[in-house]
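So the structure is just underneath, and the comments pick up after that.
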Amino acid sequence: MHPCAICQRSRAQIVRPKNGQKICKACFLDVFESEIHTTIIENDIFPTRGERVAIGASGGKDSTVLASVLKTLNERYDYGVEFVLLSIDEGIHGYRDDSLETVKRNAVQYGMELSIVGYEELYGWTMDQVVDKVGRKGNCTYCGVFRRQALDRGAKRLEISHILTGHNADDVAETILMNFLRGDLPRLGRCAEIVTASSTSTMKRSKPLKYAYEKEIVLYAHHRQLDYFSTECVYSPEAFRGSARSLLKELEKVRPSSILDIVRSGEQLLYKDIGPSKKTPSVASGDPNQQSTRKQTQKQEGPRLQTVGSCKHCGYMSSQPICKACALVYSLNKSNALVEVLVTEEPS
Amino acid sequence: MAAGTIPITVELSGGLEILFNNVRKFDVELPATTADGSASNIDYLVKFLCDNKMTDPRRELFELNNTVRPGILVLINEADWELEGEGEYKLQPKDQILFISTLHGG
């Protein structure tokens with residue numbers, strides 16, 4: 001039996017990926033929570049007492065652990081903020097309807113208000129209908145663009161201007177690898193930031209689990225016996241992310257600290273430090289969650305500046321005359337969908 | 001218990017149960033030794049489960065390079081398998097082996 005490296009008494013049950021430390025269950029739960037508290041304090045994630053903050057909740061492991069830990073920490077350290085669970089109903093039968101049931105239970109378990117916004121009410125299309133129309137190739141693009149705006153709209157409806165997401169260290173490292181492989185400099189730095197305010201949105205987004213390993217999140221959920229949903233989206237091959245993920249998991253096996261090493265490296269690769277290049281990458285963007293800035297970098301020498309206007313169709317904030325979501329809806333409502341939209345990602 | 005087998009309990013979670021006809025927990029009588037005569041370890045258990053229990057044809061979602069696919073956590077009697085010798089751990093009667101996938105959406 002290995003004794004716990006922290007309390008020296010109990011049987012070690014967990015090997016921490018970040019440092020190889022062997023610790024017992026009680027010390028693990030304690031140290032996992034304290035580290036997230038440290039992340040919150042060091043990054044001033046809750047600057048305003050009395051603020052209402054949304055937690056993007058899917059019913060999966062990350063957002064469930066996030067909600068549970070934040071409830072614990074808010075009570076323990078008195079952040080003085082109020083959390084609201086915000087869920088998106090993409091309209092995917094056999095996936096989202098089940099996971100939403102989990103979120104509804106979580107809302108009761110954690111005593112948090114729950115708000116659900118649906119693609120159908122916002123865009124007139126469920127993802128099931130989108131897939132019927134465009135097929136299974138490229139449908140994730142629609143979902144990603146719709147989701148980002150749906151979270152913003154859901155939060156705005158609740159008069160909330162700060163959304164927390166469950167992105168963990170593995171997710172961030174994966175995205176850094178993907179942007180690195182794509183040569184996408186502007187996104188490379190931004191995807192590693194813990195608090196982001198997008199140029200096309202006044203909404204603040206934070207990732208309190210940014211330094212938490214997926215392994216520890218899953219173990220935390222297991223040892224706290226949290227209620228989460230773990231079925232893969234029925235439409236989600238996401239091939240490129242899958243490759244980055246497999247690579248990362250192989251790296252972790254050889255050297256567990258590599259995940260945080262990649263996150264720390266990503267933080268150093270800030271676009272404003274590197275400076276924009278006139279020769280911009282010509283690869284197509286596969287990550288619809290963030291605005292492409294290719295056009296801006298071609299025009300300017302200095303740090304990019306986007307002018308925020310509003311979409312002519314829906315009035316929602318957009319850097320283009322018509323926002324991406326409306327452009328996609330427009331293409332769906334016309335008969336020839338998909339390919340053209342993907343190519344004209346940046347309408348000029 | 002049959003001669004030459006080790007009774008253990010296997011539990012699947014985090015989405016892995018989908019590969020096993022949605023069964024989350026079952027008992028297994030694992031042969032005590034492998035074909036070449038060595039004591040049965042976790043790597044052998046994984047192969048045994050793929051050959052005898054898995055209902056999904058996508059074996060690589062559970063087994064990769066003759067061991068558990070990276071990204072799947074293994075708990076041996078509630079302890080991280082890294083504390084017990086990982087795939088080399090020799091199974092004992094009444095062991096509880098839990099496989100948790102971390103690979104599904106958050």
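Start at 1 and count along the chain as shown; that gives each residue its number.
For all residues, glycine too, the Cβ spot is worked out from N, Cα and C.
Because the structure is a prediction, the values reported are computed rather than measured.
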* To do: Write down the one residue from A:ILE36, A:ILE40, A:ILE88, A:ILE194 that TrEMBL lists together with A:GLY56, A:ALA57, A:SER58, A:ASP62, A:GLY166, A:ASP171 as binding ATP.
  => A:ILE88
* Structure fact -> Those binding-site residues out of A:SER58, A:ILE88, A:GLY166 that pass a Cβ cut-off of under 8 Å to chain B are A:SER58, A:GLY166
* Name, in the order they occur in the sequence, the residues of the same chain whose CB lies under 8 A from the CB of A:ASP171 (ATP binding site) and which sit 6 or more residues away. => A:ASP62, A:GLU214
* Pairwise C-alpha maximum, in angstrom, for the residues (A:GLY56, A:ALA57, A:SER58, A:ASP62, A:ILE88, A:GLY166, A:ASP171) that bind ATP according to the record -> 20
* Tell me, what is the mean pLDDT of the domain 'Cytoplasmic tRNA 2-thiolation protein 1 C-terminal' (A:309-338)? -> 80
* Asked: So how many other Cβ atoms are close to A:SER58 (ATP binding site), meaning within 10 Å of its Cβ?
  -> 25
* Asked: Of all the binding-site residues given, A:ALA57, A:ILE88, which has the fewest Cβ neighbours within 10 Å once its own Cβ is left out?
  -> A:ILE88
* What counts of helix, strand and coil residues does DSSP assign across the domain 'Cytoplasmic tRNA 2-thiolation protein 1 C-terminal' (A:309-338)? -> 10 helix, 4 strand, 16 coil
* Structure fact -> A:ILE88 (ATP binding site) falls, by three-state DSSP, under strand
